[in-house]
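A.B. asks: Have a look at this one before I ask anything.
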Amino acid sequence: MSKSIVLLPGDHVGTEVVAEAVKVLKAIERTTPGTSFSFSTHLIGGAAIDATGVPLPDEALEAAKASDAVLLGAVGGPKWGTGDVRPEQGLLKIRKELGLYANLRPCSFASSKLVDLSPLKREIVEGTDFVVVRELVGGIYFGERKEDDGSGVASDTETYSVPEVERITRMAAFLALQHNPPQTVWSLDKANVLASSRLWRKTVTRVMTEEFPTVPFQHQLIDSAAMILVQKPTKLNGVVLTSNMFGDIISDEASVIPGSLGLLPSASLASLPDTNTAFGLYEPCHGSAPDLPAGKVNPLACILSAAMMLRLSLDNAAAADRIEQAVREVIDSGVATADLGGSSSTGEVGDAIVKALEK
């Protein structure tokens, strides 16, 4: 049975990287008996504003809701400024409408050849391998806020409920259980100061102890974790569990470790991938890079996002493994875009991965 994938290329380099990911998915289709994908392309972001006046047309949203998974490129750019209608609103809306409560961002090296590209020393970062699991729909970003009304005071409220923390904790624990032995879950909070963090810590402890007794877990204060991330990131290997704002910050800090945003995939999930068919939206961590000339963007983050999609939403872990192996082979062969020290174009990197899959 064919798996339906909605493509949302978005703006600028988003269109290029999604095209390369589709090229790779079609190679998987050709080389894997019984595997079939149906693609449907829709507008989001600035491209949608230009064509329809809104950053997420109803047609795109309805198509996404009816699909098995969504692959997104990137949205935004200076052309659309910071007015009332902005490209980023399309991304926020689709996350909310699709119920995407968990954001997963791996931090590892696609090839050992890339370790020396890290801004940190090889002996510090070698072996780094964790995934940040960020709660995506609660916390301070969605809390009550009060703008300065002339009084010189403004406020934002951090609120978490037990069910919200339970849900994201189960996601982290489930991902830890996919390894043998189970990986450690590192829960980050600020329980020495914040009431919301004390609820977070208490709830994480109960869920892990009662529901996942075989999964080791540790609590870590967010400021301490931020230091560990630059001192010895391998100490956090496993699954890093965080609230919305802390996850936003720590995942961006982690993203510089592998040396290029062009390498980093992400997933946003609406349910546990316990049957490998969780609905999700997949996208590279990099932005739309409006200043980058055509053919220069690194497509690997989007291609690796497609691999995550195969593993978590489309029940095809074997194909995901093949893509990740092909990416490793291509990097090791020296075919790479400029951000990785190479001279290959976007399309040449995609073609090389297709060739590796078809050999």
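Using N, Cα and C of the backbone, Cβ positions are placed for all residues, glycine too.
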A.B. asks: Please identify which of Arg134, Arg145, Arg170, Arg198 is recorded by Swiss-Prot as part of the substrate site containing Arg95, Arg105, Asp223.
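C.D. replies: Swiss-Prot names Arg134 for this substrate site.
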A.B. asks: Whose Cβ, among the recorded positions Arg95, Arg134, Lys190, has more other Cβ atoms within 10 Å than any of the rest?
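C.D. replies: The largest 10 Å Cβ neighbour count belongs to Arg134.
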A.B. asks: If one measures from the C-alpha of Asp248 (Mg(2+) binding site) to the C-alpha of Trp80 (NAD(+) binding site), what distance in angstrom results, rounded to a whole number?
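C.D. replies: One finds 24 Å between the Cα atoms of these residues.
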A.B. asks: Starting from each candidate's C-beta and looking 10 angstroms out, tell me which of the recorded positions Trp80, Tyr141 has the most other C-beta atoms.
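C.D. replies: It comes out as Trp80.
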A.B. asks: So what sits near Arg105 (substrate binding site) in its own chain, CB-to-CB under 8 Å and at least six residues off in sequence?
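C.D. replies: The answer is Val131, Val132, Arg134, Ser251, Ala254, Ser255, Leu264, Pro265, Ser266, Cys285.
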